[in-house]
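Over in TrEMBL, the protein carries these features:
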{"type": "BINDING", "residues": "111, 113, 118, 163", "note": "Mn(2+) binding site"}
{"type": "BINDING", "residues": "113, 118", "note": "oxalate binding site"}
{"type": "DISULFID", "residues": "32-49", "note": "disulfide bond"}
{"type": "DOMAIN", "residues": "63-206", "note": "domain 'Cupin type-1'"}
{"type": "DOMAIN", "residues": "229-383", "note": "domain 'Cupin type-1'"}
{"type": "SIGNAL", "residues": "1-22", "note": "signal peptide"}
């Protein structure tokens, strides 16, 4: 009887505490601002559930994927999505399917999905598919992974990484894309930056476009494994940007391993920038210790993923601002003295993708045609940008 009582008590306690102490669920939207009342509120991380007794097979069924979808104006690509909006039974199941038809010599432009890994398979045609992986030793560089894909081939784009698709053939290409999220999100790199509302300041654009390790035996761990000294001193300067960085992560506090957090100190010279970038695996909180900075992030327009909305603030000492996971953001010292900031990440390894450099200084390079069509530039301008960021 005592054992039964113990198991029952343990089960009830675990159930009660699980919601309070478990890790947060991954978000299913770009931003979710808390409200105190029910007014002006929306249900997130899914949709409201139908009474299971009323569910039918039709809730888990979709017809029409054998027909191309709606064309995205100006890109020669048609898209048809099978998601929770047209298959309600997908709610909470963490998967989405998209069919895309790409005209010859046209592109699916450089973009990311902040909440999903993507698998692509080719039904018809020939495409060049590629993604960019930041260089861990220098986040202003990247490595291009690309393949020519034919019918029956499968390729993977890891979560949050910039990628593209280019129909290099002479007939329409038809592809299927699988995402491990109910709402993977979509950030078009050129359009999000240059077509945001309100716009990213011209001065900023001008300045820019010029899990773990092996564990130690717990019996051998010491307090020093959880300690770091020196965050009161600026770190190493990032060449060419007037930005010095000092990171406190698992490499200098081994005890952080598996704990899902890291911190960075950044010192930014007057009128200099931390360029447009994103962190594919972490949300970032920033607080200002000294100086005045202009901080902003770009949220894709859910009605038109080739547009974005800019959220920005002027920050002074004591102010705190948040950059949601996977979204493009920036920092600009608008003052006349050095700005010192602390950045907190809810990941042991948040990753960094520098937008201009990752795209224009990848190795091997992203094909000229992809960049020219994606950014509406000619090949001479592409060559100039490659030279600048190399």
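Cβ coordinates are placed from backbone N, Cα and C, and glycine is handled just like the others.
A map of TrEMBL features onto the structure.
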residue: 49; record: disulfide bond; CB count, 10 Å: 11
residue: 111; record: Mn(2+) binding site; CB count, 10 Å: 22
residue: 113; record: Mn(2+) binding site; CB count, 10 Å: 25
residue: 118; record: Mn(2+) binding site; CB count, 10 Å: 22
residue: 163; record: Mn(2+) binding site; CB count, 10 Å: 23
Residue pair residue 49 (disulfide bond), residue 113 (Mn(2+) binding site) - Cα distance, angstrom, rounded: 25
Average pLDDT across the domain 'Cupin type-1' (229-383), rounded to a whole number: 89
DSSP three-state assignment (helix, strand or coil) for residue 118 (Mn(2+) binding site): strand
Summary of DSSP states over the domain 'Cupin type-1' (63-206), given as helix, strand and coil counts: 14 helix, 70 strand, 60 coil
Neighbours of 111, 113, 118, 163 excl. site residues, C-beta within 8 Å of centre, Mn(2+): 112, 116, 131, 157, 161, 162, 184, 186
